[in-house]
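So that we are looking at the same thing, I have put the structure below in structure tokens.
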Amino acid sequence: MSRRYFGTDGIRGRANGLITPELALKVGQAAGLVFQRGDHRHRVVIGKDTRLSGYMIENAMVAGFTSVGMDVLLVGPMPTPAVAMLTKSMRADLGVMISASHNMFEDNGIKLFGPLGFKLSDDVEKQIELLLDESLDKKLAASASLGRARRIDGVHDRYIEFAKRTLPRDLSLDGLRVVVDCANGAAYKVVPEALWELGADVISIGVEPDGFNINKECGSTAPEALCRKVREMRADIGIALDGDADRVIMVDERGHVVDGDQLLAVIAQSWKEDGRLAKPGVVATVMSNLGLERFLAAEGIDLVRTSVGDRYVLEQMMKGGYNVGGEASGHIILSDYNTTGDGFVAALQVLAVVQKLRRPVSEVCHRFDPLPQILKNVRYRNGRPLDDAGVQSAIHAGETRLNGHGRLLIRASGTEPVIRVMGEGEDRIMVEEVVDVIVDALGSASAAAA
């Protein structure tokens, strides 16, 4: 069965376009019906980021869940990993995060978590999709069985304490000047507070959300402001989260970006030395740089690759018994602590290494020289540009040219109408030329289909 609503990370699209109040209400009803298992009183935790449309979607989902008899616990703006953690901690049947992650404010989305805090399997999402296309009028709760909604206080402190407990009790961040960019998103309160409680000298940017400025020239997808601020304030390190704080990148004292691949290298090497790696392996995606794979191999650590998407990384981690995984984009999953990517907890593990080694971040966090990698996105409106004969010819020619010297990865995004073209190889000029030819072919195919 093809999926109409769910992509690789829940349901996502333009607010009041795809993501309407009607859809949000129906998702609440459908998910509520699927997760009403057993005879106990059922409840759902709902969190959100700071987008203007979050109010609209939140209220619609409350109506949907309560109409099928589920109680709703509202936690307000909170990081996605916090919602996953709270779902399990509060013994809820279901968790919801209203967010479009790193997208701009015009978009929004709905992420769902099961009672143990894990994202839903494909099979469960299909069950919900089937109900979305049905009339649910005859499945609504009786008047006396409707759900209630209440706002929960103190959830920020719960997540702060949870994050702090991932570090040794005797470890302090005293003496470390940290600039943190919260992307004007869900972490704008909790992360600066947690860093301060751990003893860091904290400088915060991206902590003034207005409903419109989430991810706007800030956060993990736009680290330029953080790089400047780190240099300006002579900070030791910078931390950039995205709008829902499930991904992180970092910046060294020179203002140079440290991506997810480098963070995986730091954590994996440190955890192996400390005997904390469950297995001598790390899970990453096909997008991770070959330099990471070579570095880990030299450390006696295997790199297991998956399709793009943190859900696939987690699935492989669970299947293979690994406890460290992630993506170059900054989704870092440490399954000893959480059930999904947690940007802040990952950052704390890196800060712990920095404090332990007492060396500059530029020495600690740049563990390998990445191979030149070019990534370009081609947006399209209609059709299937990857099936175009001209595009296929360009891809074949590129693969032939890079044979033995690099690799190509061309894929459609699972969350937006974009084709991602990635080339990697030892000769940067050759890689750029190959990628540009494919991008031009995709652009022509997209224009022809419009």
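For all residues, glycine too, the Cβ spot is worked out from N, Cα and C.
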Check Swiss-Prot: it lists ASP242, ASP244, ASP246 as binding Mg(2+). Then name which of SER89, SER101, SER393 it lists for that same site.
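Only hit among SER89, SER101, SER393 in Swiss-Prot's Mg(2+) site, alongside ASP242, ASP244, ASP246: SER101.
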Other residues with Cβ within 8 Å of the Cβ centroid of SER101, ASP242, ASP244, ASP246 at the Mg(2+) site?
ASP49, PRO79, THR80, SER99, HIS102, GLY185, ALA186, LEU241, GLY243, ALA245, ARG247, GLY341, GLY343
Calculate the distance in Å between the alpha carbons (Cα) of ASP242 (Mg(2+) binding site) and SER101 (active site, phosphoserine intermediate), and round it to a whole number.
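Cα-Cα distance, ASP242 (Mg(2+) binding site) to SER101 (active site, phosphoserine intermediate): 7 Å.
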How many other Cβ atoms sit within 10 Å of the Cβ of ASP246 (Mg(2+) binding site)?
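There are 34 of them.
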State the count of C-beta atoms found within 10 angstroms of the C-beta of SER101 (active site, phosphoserine intermediate), not counting that atom itself.
30
Name, in the order they occur in the sequence, the residues of the same chain whose CB lies under 8 A from the CB of ASP244 (Mg(2+) binding site) and which sit 6 or more residues away.
ASP49, PRO79, THR80, MET97, SER99, SER101, GLY185, ALA186
Could you check what DSSP calls ASP242 (Mg(2+) binding site) once collapsed to helix, strand or coil?
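Going by the DSSP assignment, ASP242 (Mg(2+) binding site) belongs to neither helix nor strand, so it counts as coil.
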